[in-house]
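Positions annotated as disulfide bond by TrEMBL: CYS31-CYS34, CYS92-CYS98. If you look up TrEMBL, you'll see 35-53, 60-79, 105-130 marked as transmembrane segment.
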Amino acid sequence: MNKSLLLSWIAALIATLGSLYFSEVMHFIPCTLCWYQRIFMYPLAIMLGIAVYRNDNGIYKYVLPLSIIGMLISGYHTLLQKLPYLQRFEMCTSGVPCSKDYINWLGFITIPILAFIAFTIITISMVIVARSQKEETIRG
């Protein structure tokens, strides 16, 4: 079993379960950008789980676009929370503002940063999976 594939599934699973915990148990209402991040993370937990079960290293072709887009959204969301002057370009015009910090662990860890870390772990792991699969193809 490919350890990078397993790591990416664990990251997606923890991110998905953490997101559900925050909304369903802690009753945090997701903002618009949080919903977009969920849209890109939730399928990854399922896709990567199936890929781990089937030991399918070719899944990187489908995972990388989702994880990169999710990483960009969560990176923007993090900047929106940390840089006050970006709040005038805020996408969240109704409901919960995207600049709201539900959690602020150690003074800088927010939900978008956690999502960014998860998407980054998944992206890096998938690049490793892609490289190892290409090396196997070359060796033949």
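The count begins at 1 with the first shown residue.
Glycine too: its Cβ is placed from the backbone N, Cα and C atoms.
Note: TrEMBL annotation is automatic and uncurated.
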Fewest other Cβ within 10 angstroms of its own Cβ, chosen from the disulfide-bonded residues CYS31, CYS34, CYS98:
CYS98
Distance, CYS98 (disulfide bond) to CYS31 (disulfide bond) (CA atoms, angstrom):
5
Long-range Cβ neighbours of the transmembrane segment (105-130) (under 8 Å; 6 or more residues past either end):
2, 4-5, 7-8, 11-12, 14-15, 18-19, 22, 28, 33-34, 37, 40-41, 44, 48, 57, 59-61, 63-64, 67-68, 70-71, 74-75, 77-78, 80-82
Measuring Cα to Cα, how many Å separate CYS34 (disulfide bond) from CYS98 (disulfide bond)?
8
